[in-house]
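Asks: Below you will find the structure I want to go over with you.
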């Protein structure tokens with residue numbers, strides 16, 4: 001190949017095996033994906049701002065395509081690349097005293113699988129009538145009868161690519177943390193962020209192959225006349241749900257665990273002392289990872305599970321609240337009595353703890369199978385998981401950004417602007433997602449672009465909140481610009 005005409009700098013980025021460069025690429029990529037995903041969420045809230053058809057002109061399929069793309073982009077192209085690929089690549093080698101990751105070239109391909117995956121996902125949304133299946137891609141809605149055309153197939157290939165990317169990354173992190181620690185750095189002395197990435201990597205390694213199998217069988221059902229999920233050929237759509245949620249539930253812990261790690265690091269740094277109950281924190285994360293793999297059917301209380309099965313999954317789900325509670329109170333105990341300077345990272349830590357508790361409490365409510373049957377597939381669930389994602393994982397990303405941007409870029413962020421961003425985002429997401437619990441209890445179903453007039457009040461409030469948080473996202477990019485262009489250089 002003739003590379004003479006291509007800028008050398010561009011090639012350095014393309015072929016880089018340096019963990020910091022790759023971490024930076026991940027962070028930039030996730031920021032772009034975040035813009036797309038946030039814009040899609042704004043479209044959803046504009047449609048739901050008032051009853052009747054607003055911007056999708058009664059096209060329910062298009063609405064569901066937007067919902068599906070929003071979910072996939074936020075989960076697989078914003079949160080995972082930022083927390084695991086971005087901060088994980090940047091700081092795990094530094095925290096364990098390793099010169100780089102164990103497999104630097106594999107690290108490079110892990111990142112470069114993501115842009116084509118995003119391209120495939122966007123393609124799936126814009127060809128024919130799009131993939132309007134929801135991020136769960138349940139058959140028979142995702143079958144070839146209900147979703148003809150290439151859209152769902154493209155979405156499946158996109159998932160395969162992100163899955164391979166995450167799998168390679170997980171192998172890389174496990175090898176790095178096992179084999180490349182500095183002499184004397186035992187497992188019981190690892191920083192909590194490193195622990196969180198290690199546990200996340202094991203969860204990915206355990207669950208992603210199951211997802212790959214599930215969606216590959218869906219692919220053959222659609223194109224090669226198999227009937228894994230088709231009752232007319234002796235298959236069962238509930239099998240898909242079991243396989244999907246065996247991945248899907250650990251996935252939400254994959255999203256939140258690295259955020260737990262960041263929150264632990266930042267809380268300890270601002271309290272100027274060690275994390276309270278270090279070993280308890282480690283074993284709490286291990287327990288969350290283990291329990292997260294044996295509670296998947298709590299997503300399926302409405303498919304007609306046996307009563308004993310429902311009892312088990314309810315009980316097991318509630319037990320996850322115990323290690324989570326240990327972490328919450330250990331963070332509070334870490335901050336307790338510290339001489340706290342209320343700078344932006346600490347504000348995000350406090351916001352994280354407060355809102356994660358709200359998200360956790362609604363989660364415990366939903367673990368009751370009897371209650372869940374009433375609120376399943378309503379906005380109560382949307383409210384719950386956006387509290388733990390939009391205010392758990394994303395607050396974790398912002399915490400890491402404000403805490404580490406000096407180390408990443410060598411420049412200081414403007415403190416006053418950071419605090420304005422925190423308050424804008426904090427107020428915006430709460431106004432957006434708190435009313436959803438009321439709407440869910442009133443029976444407003446998910447994935448439907450219209451609703452009864454009686455629910456217009458809280459929907460208007462929710463949409464107003466989303467405009468605030470959308471503005472705060474734009475403001476955040478202004479802060480990034482100011483930091484990189486005009487930011488004061490850090491001391492060392």
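Backbone N, Cα and C define each Cβ position, glycine as well.
As listed in Swiss-Prot for this protein:
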TRANSMEM  24-44  transmembrane segment
BINDING   47, 52, 449  Ca(2+) binding site
BINDING   70, 386  Fe(II)-heme a binding site
TRANSMEM  72-92  transmembrane segment
TRANSMEM  109-129  transmembrane segment
TRANSMEM  154-174  transmembrane segment
TRANSMEM  192-212  transmembrane segment
TRANSMEM  243-263  transmembrane segment
BINDING   249, 298, 299  Cu cation binding site
BINDING   253  O2 binding site
TRANSMEM  275-295  transmembrane segment
TRANSMEM  318-338  transmembrane segment
TRANSMEM  346-366  transmembrane segment
BINDING   376, 377  Mg(2+) binding site
BINDING   384  heme a3 binding site
TRANSMEM  385-405  transmembrane segment
TRANSMEM  422-442  transmembrane segment
TRANSMEM  467-487  transmembrane segment
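For the listed features, I'd like the structural context: burial, neighbours, distances.
Replies: Sequence-distant contacts of residue 52 (Ca(2+) binding site), defined as residues of its own chain at least six apart whose C-beta falls under 8 angstroms from its C-beta, comprise 450.
Summarising the environment of residue 386 (Fe(II)-heme a binding site), the number of other Cβ atoms within 10 Å of its Cβ, over all protein chains shown, is 22.
A Cβ distance under 8 Å defines the sequence-distant neighbours of the transmembrane segment (192-212), meaning residues of its chain 6+ beyond its ends; these are 84, 87-88, 91-92, 95-96, 159-160, 163, 166-167, 169-171, 173-174, 177, 243-244, 246-248, 250-251, 253-254, 257-258, 260-262, 264-265, 275, 278, 281-282, 285-286, 288-289, 292-293.
Sequence-distant contacts of the transmembrane segment (243-263) (same chain, at least 6 residues past either end, Cβ-Cβ under 8 Å): 75, 79-80, 83-84, 87-88, 136-138, 191-197, 199-200, 203-204, 206-208, 210-211, 213-214, 217, 285, 288-289, 292-293, 295-300, 327, 331, 349, 352-353, 385, 388-389, 392-393, 395-397, 399-400, 403.
Taken residue by residue with DSSP, residue 298 (Cu cation binding site) is part of a helix. Taking the Cβ of residue 298 (Cu cation binding site) as reference, residues of its chain lying under 8 Å away and at least six apart in sequence are, in sequence order, 249, 313, 314, 316, 317, 366, 367, 369, 372.
Secondary structure at residue 253 (O2 binding site), as computed by DSSP, is helix. The Cβ of residue 253 (O2 binding site) has 200, 203, 288, 289, 292 as same-chain neighbours under 8 Å, each 6 or more residues away in sequence.
Cβ neighbours within 10 Å of residue 376 (Mg(2+) binding site), excluding its own Cβ and spanning all shown chains: 19.
Under the three-state DSSP scheme, residue 384 (heme a3 binding site) falls in the helix class.
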Asks: Neighbours of the Cu cation site 249, 298, 299: Cβ within 8 Å of the Cβ centroid, same chain, sequence order.
Replies: 245, 248, 295, 296, 297, 300, 313, 317
Asks: Which sequence-distant residues neighbour the transmembrane segment (154-174)? Criterion: at least 6 residues beyond either end, Cβ under 8 Å.
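Replies: Long-range Cβ neighbours of the transmembrane segment (154-174): 68, 72, 76-77, 80, 84-85, 88, 92, 101-103, 106-107, 109-111, 113-114, 116-118, 120-121, 123-124, 127, 131, 133, 137, 197-198, 200-202, 204-205, 208-209, 211-212, 215-216, 218-219.
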Asks: Cβ under 8 Å to the transmembrane segment (24-44), counting only same-chain residues 6 or more beyond its ends: which ones?
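Replies: For the transmembrane segment (24-44), the nonlocal Cβ contacts are 13, 16, 55, 63, 66-67, 69-70, 73-74, 77-79, 81-82, 85-87, 89-90, 111, 114-115, 118, 122, 397, 408, 466-467, 470, 473, 477, 480.
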Asks: Cβ pairs under 8 Å with the transmembrane segment (72-92): which stretch of 109-129, 275-295, 318-338, 385-405, 422-442 has the most?
Replies: 385-405
Asks: Can you tell me how many other Cβ atoms are located within 10 Å of the Cβ belonging to residue 249 (Cu cation binding site)?
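Replies: For residue 249 (Cu cation binding site), the count of other Cβ atoms within 10 Å is 23.
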Asks: If you measure from the C-alpha of residue 376 (Mg(2+) binding site), which of the binding-site residues 47, 70, 384, 386, 449 fall inside 10 Å?
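Replies: Within 10 Å of residue 376 (Mg(2+) binding site): none of them.
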